[in-house]
2 protein chains.
Amino acid sequence: MHTIKLVLEYDGTNYAGWQIQPNGISVQQVVEEALARLLKEPVRVHSSGRTDAGVHARGMVAAFTTAKGLPMRAFSDGLNALLPPDIAVMEALEAPDGFNPRFDAAGKHYRYTIHRGERRSPLCRHYVWHARETLDLAAMEKGASHMVGEHDFASFRTAGCAARTTVRRIDAVDLALEGDLLHIDVKGSGFLRNMVRIMVGTLVEVGRGRRSADDVALLFRYPGERFAGPTAPPQGLCLMEVYY
Amino acid sequence: MHTIKLVLEYDGTNYAGWQIQPNGISVQQVVEEALARLLKEPVRVHSSGRTDAGVHARGMVAAFTTAKGLPMRAFSDGLNALLPPDIAVMEALEAPDGFNPRFDAAGKHYRYTIHRGERRSPLCRHYVWHARETLDLAAMEKGASHMVGEHDFASFRTAGCAARTTVRRIDAVDLALEGDLLHIDVKGSGFLRNMVRIMVGTLVEVGRGRRSADDVALLFRYPGERFAGPTAPPQGLCLMEVYY
């Protein structure tokens with residue numbers, strides 16, 4: 001058997017998220033169907049994790065096994081010819097036996113992008129959150145610094161999150177300006193459901209002056225008891241890279 | 001009467017171009033309909049020029065006249081609430097009587113973006129031309145330098161172009177790299193139909209080594225007689241700004 005590792009880019013706008021589910025088309029389903037056409041056998045693809053509806057990826061990692069010894073080009077250019085324009089394989093390579101994209105992952109990099117322009121931007125509408133108000137970036141950076149380190153993120157997950165433990169290690173929360181865009185780059189060992197979007201929603205509350213930067217620290221001192229900010233909308237989020 | 005100048009941003013992906021036409025929905029039509037709803041009177045909008053189907057704009061300039069003395073915010077935020085997500089007014093201001101966005105324009109800035117990555121990118125597919133081959137940037141810059149200045153661009157227009165004169169002044173053709181993206185910024189006094197896209201198609205032929213950089217000079221020495229390169233696809237083109 002061969003274990004093939006795929007690095008996928010996709011525009012999540014028109015999908016119900018990564019994972020196969022009854023309502024709506026998922027990225028996983030489309031990739032599995034394209035692979036089944038290529039290999040002429042049913043294929044089950046495992047990923048490094050889920051992305052929600054409307055969330056994008058530049059470096060989602062997925063893997064599958066097959067007995068067929070096709071050249072790697074079949075799984076990159078060949079598969080790309082079968083995938084729709086909003087999904088593409090950026091890299092395909094043979095992984096060691098037993099490679100598990102989820103459990104072998106050492107960490108992930110997510111980027112959340114906020115558009116600070118006065119008016120909504122048609123050209124980036126699918127890839128940013130338009131936060132019209134003036135944001136206090138220094139306060140946001142201070143709030144972000146409280147998030148770095150190993151903390152109990154119980155206040156930073158949605159009701160549906162099934163994770164048993166809520167302690168995670170965040171290695172970096174960096175803010176970077178690019179014209180009217182504000183990128184928030186979050187790197188960490190693991191993430192709870194909607195955790196990045198709630199981190200961003202909390203930082204935007206800080207930037208708007210509705211919450212103090214130091215209030216972020218209290219969310220970790222009383223995990224699950226104090227309320228974090230709202231969940232930022234999905235289209236600003238992109239899974240940039242999974243580290244192994 | 002008030003003359004109102006609008007600066008519009010739009011994603012041209014789902015439109016048949018700027019100008020009203022029988023087949024397909026145009027940006028002009030959508031803007032006129034939103035204005036008619038706002039002003040409760042029929043409105044005719046005049047623009048600095050057309051953009052073709054699939055071409056985008058960050059700074060299209062349009063103008064209309066009305067007897068109604070609404071505050072400018074009605075024509076920016078108010079109109080934006082009536083426009084679809086892929087069209088927005090970025091600026092609205094009262095212009096001098098008789099302002100004509102087309103004839104008063106002193107020049108325009110277009111940006112064409114080429115994606116040089118090995119594989120197609122789902123996330124920028126609507127905004128770039130994916131030119132997979134390696135491009136010789138030095139040769140392209142040399143070719144571009146031949147385009148700067150006042151020349152007869154008769155070889156750089158489509159069959160349907162109705163312009164009577166074909167001499168235009170190009171002030172700059174600048175190449176700039178941004179990761180896998182190559183931006184070609186073209187500034188000039190005026191443009192023939194498809195001129196920028198044919199300039200880009202010609203420069204890509206130079207970059208691919210299919211045409212020498214100095215061959216570009218011959219296109220101006222024998223205007224309309226020698227063939228320029230193919231017309232680059234529309235989605236890579238964006239009207240950035242109109243100068244007055």
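Cβ coordinates are placed from backbone N, Cα and C, and glycine is handled just like the others.
These come from TrEMBL:
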- A:Asp52: active site, nucleophile (ACT_SITE)
- A:Tyr110: substrate binding site (BINDING)
- A:9-104: domain 'Pseudouridine synthase I TruA alpha/beta' (DOMAIN)
- A:144-244: domain 'Pseudouridine synthase I TruA alpha/beta' (DOMAIN)
What counts of helix, strand and coil residues does DSSP assign across the domain 'Pseudouridine synthase I TruA alpha/beta' (A:144-244)?
27 helix, 31 strand, 43 coil
Residue counts (helix, strand, coil, in that order) that DSSP gives for the domain 'Pseudouridine synthase I TruA alpha/beta' (A:9-104):
27 helix, 24 strand, 45 coil
Tell me, roughly as an integer, the mean pLDDT over the domain 'Pseudouridine synthase I TruA alpha/beta' (A:9-104).
96
Cα distance, the residue listed as 'substrate binding site' to the residue listed as 'active site, nucleophile', nearest Å?
13
